[in-house]
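Feature annotation from Swiss-Prot assigns transmembrane segment to 4-21, 28-48, 63-85, 105-127, 142-164, 177-199, 209-231, 238-255, 281-303, 324-346, 387-409; the stated evidence is sequence analysis.
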Amino acid sequence: MFQAILAIIPILWLILSLAVFRMRGDLACFIGLIITLLTSIIGFHFSIKDGLTAGLEGAMMGFWPIIYIIVAAVFTYNLTTASGGMTVIKRLLMTITEDKRILVLILAWGFGGFLEAIAGFGTAVAIPASILVALGMKPLRAALICLIANTTPTAFGAIGLPVTTLAQVTGLEVKQLSVIVSLQLFILIVAIPFVLVSLTGEGKRPIKGVFGITLASGLAFALPQILVSNYVGAELPSIIGSLFCILVTILFVNLRERGKNASPVGGDVAFKEGIIRCLPFILVFFFIMLTSSLFPAINQLLAKVSTTVSIYTGEHAKPYTIKWLTSPGTMIILATFIAGLIQGMSFKEIGSILAKVLNKLTKTMVTVASIVALSKVMSYSGMINTIAVSLVAVTGGFYPFIAPVIGTLGTFITGSDTSANVLFGELQVKAANNLNMNPYWMAAQYDRGNCRKNDFASKHCSCSGTYWFRRSRR
């Protein structure tokens with residue numbers, strides 16, 4: 001019991017520092033790493049050398065692939081914004097229908113899901129909310145709707161980063177884990193559009209007249225996500241699901257409003273201009289798909305370009321492999337550079353945008369590297385196993401009901417589905433093994449809890465709250 005108390009000290013520190021003391025994320029996580037190292041050495045007889053190399057391996061994993069993908073995703077979004085692409089996308093979406101319930105399905109649910117899938121970091125809340133406010137919706141309601149919409153898409157956000165990270169820290173096969181996560185999210189994905197429409201509509205029957213479109217919007221997101229998870233992996237489910245959702249919803253709108261004097265989809269945006277401005281996202285989609293396991297010949301050829309290093313010096317050490325060309329980060333950056341050049345931007349302009357992204361995400365890099373290093377030290381020293389055994393002993397067969405709550409807590413503390421998966425992901429597999437349960441279902445159940453709480457994660461609340469405050473002051 002004493003060791004279990006020692007093992008949760010780093011987690012208690014993160015809860016207190018981030019949720020109570022409101023300390024900066026990078027500082028809190030770095031101090032948490034120091035506390036974890038000291039606890040592992042003093043309380044778990046972990047050698048200094050093993051502790052430092054475990055932390056170094058974790059930091060390396062934090063930078064590659066996690067931080068690398070984050071930088072790449074934000075780079076794509078910022079370049080698209082700088083080139084005027086986001087303005088064109090807004091114009092395309094704003095000319096479809098005047099029914100705010102349907103606009104919420106397209107903007108908050110479909111377009112927001114796409115932004116979460118391609119970039120994350122609050123863009124999926126801030127941008128759709130700003131468009132909804134521009135269309136006449138009250139800022140607080142727009143923020144609330146976009147926060148709720150941005151729950152289930154986070155599981156495969158930032159090119160599938162949360163699920164791929166969860167698979168990496170737990171040792172589970174990523175494609176199988178992706179499928180189970182998609183299956184567990186199915187009911188929520190179908191249900192959330194109805195919640196959004198209910199919050200948007202006026203009167204006692206807000207669903208009246210849009211039930212079919214709302215159901216189609218949910219199914220169009222959920223079904224492709226399951227299929228893509230099964231055949232491709234974790235990188236594209238939310239991207240393809242959100243695109244299908246937008247297309248199907250627009251198709252239903254066109255069928256519904258046929259014969260009415262409705263504005264044509266796209267308004268005054270020429271087809272060629274729309275393609276050019278959306279090119280970064282289009283190329284990212286095709287590059288990731290072509291280099292995925294869906295095309296094994298290309299995937300296996302590129303996977304040969306790799307570097308293997310031995311970092312951790314203790315028991316059960318495994319070499320760490322960096323696959324340079326099959327990483328989504330590499331494909332995203334390459335696609336974005338090519339798209340920028342086609343759009344007429346110079347290498348200097350594109351490089352400047354990337355440099356600004358790197359500068360802006362410095363604190364995020366420290367946060368992610370520290371929390372992954374902390375997780376690795378806890379794992380290798382036996383702290384995670386001690387917590388798992390203690391939790392199973394206390395909760396017994398009820399632990400599967402506790403797993404989503406832990407996911408909820410992890411996302412609320414760290415503000416990130418990915419960071420929560422790093423922090424508590426291995427704990428779920430250890431607990432599942434102790435209970436003789438399927439570790440894939442337990443890990444997916446935990447990740448579902450992450451999604452539920454993601455709408456109240458610090459970065460999303462601050463993003464939407466800041467926008468609402470600025471609008472209310474005008």
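All residue numbers here begin at 1 and follow the chain in the order shown.
Just so you know, glycine gets a Cβ as well, placed from its N, Cα and C.
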Would the transmembrane segment (4-21) count as touching the transmembrane segment (387-409), if touching means at least three Cβ pairs under 8 Å and pairs must be 6 or more apart in sequence?
yes
Under a criterion of three or more Cβ pairs within a distance under 8 Å and sequence separation of at least 6, are the transmembrane segment (63-85) and the transmembrane segment (28-48) in contact?
no
For the transmembrane segment (177-199), sequence-distant contacts whose Cβ falls under 8 Å of one of its Cβ atoms, 6 or more beyond its ends:
101, 104-105, 108-109, 141, 144-145, 148-149, 151-152, 155-156, 160, 163, 166-167, 206-207, 210, 214-215, 217-219, 221-222, 225-226, 229-230, 233-234, 237, 241, 440-441, 443-445, 447-448, 451
Restricting to CB pairs under 8 Å, which listed stretch, 142-164, 238-255, 324-346, is in contact most with the transmembrane segment (209-231)?
238-255
